[in-house]
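Structure first, commentary second.
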């Protein structure tokens, strides 16, 4: 959530900055009207409180003199009733302002390129050279069928479209990938591993920005005979980041770096007809998430570090990729700056997103009231939060199957994964 004081004092300027966000126009008139109502009711509340306090003192003095105070008491009671009414009106207006503020995206950083969609993203660099095959390249679906490791028909039978069953050595590689990523991030990059719930409450989803705006992208669950509604996590970013909700952290304990391997669940609303073949876009997929909680002045530096750590996974797997700086029209709702890492997919002859690394600035921290305080300082300040995929396990599996395929349909196991697969070098029929 944007700083309400900043929004209040610089409404036109912020509205102009947010125009570059795809599909968003800040309703300046509505916000201005609500602000005027807030100011009027705030002044009225303070005036009534002052008058009531003054009248109460008058009652005390009159009572001490033995005077009749019944009329004064009636006036104070009337003021109290009026004050309660005004307070209720003020609370309603403040709720409206907050609900409006919760739908406003983050302000892009100055260095973020202007643009409408992904065609305006800026390529930063490419790493590795796509392999040239001397045989006809198969996609991961065909390779999975040859090896008996990807069963999309079973996924449809069990659950429906955009689900799959992964079996045998392909399932083993899928597990090996997650273990390799976790070991890299915990042993070399300084992250602490976390195991978190896959079901979260609405307060948690508000904290990281999925609600109220993106409820249709979630799977919601309401157990029988239970009033509590949950949602399946769309990413481990949600529970991991919320671990600092309502906390005041000693600045000496920052940065906090956490990683988690979880399944992720997304309804893929609005993506009908896109990537209907294979593992690229699923309702359920695994991901290793990276989260950092940092001091405000260090968040841009932390974004570079976090992105480099996600890149290291691709480099160790020797998978060609490119790094892209997202434009204003393609960034996520809560991000101020985002890098995407796109891995080479031979059968599609293109790069596809495998990681998105974002600096959320104080956007999530304000929603969560996650703060830090320096030693000896009474004042607190909001932390900055960052997150990124390190990496999406299913898409990494896709990239390995296609980039490491052989003419007979077998798959060469990347060297760094072999210790996790009992030394297996080739996955064959």
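All residue numbers here begin at 1 and follow the chain in the order shown.
Cβ coordinates come from backbone N, Cα and C, glycine included.
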Besides 235, 236, 237, 389, which of 187, 289, 295 does Swiss-Prot list for that L-serine site? 289
Please give me the binding-site residues out of 235, 236, 237, 289, 389 that lie within 10 Å of residue 266 (ATP binding site), comparing Cα atoms only. 235
Cβ atoms near residue 237 (L-serine binding site) (within 10 Å, other residues, all chains): 28
For residue 268 (ATP binding site), the one of 235, 236, 289, 389 that lies nearest, given that the binding-site residues are compared by Cα: 235
Please work out which residue of 268, 289, 353 has the most C-beta neighbours within 10 angstroms of its C-beta, and give that one of the binding-site residues. 289
Least surrounded among the binding-site residues, given as 235, 267, 355, when other CB atoms within 10 Å are counted: 267
Could you give the Cα-Cα distance between residue 236 (L-serine binding site) and residue 353 (ATP binding site), in whole Å? 18
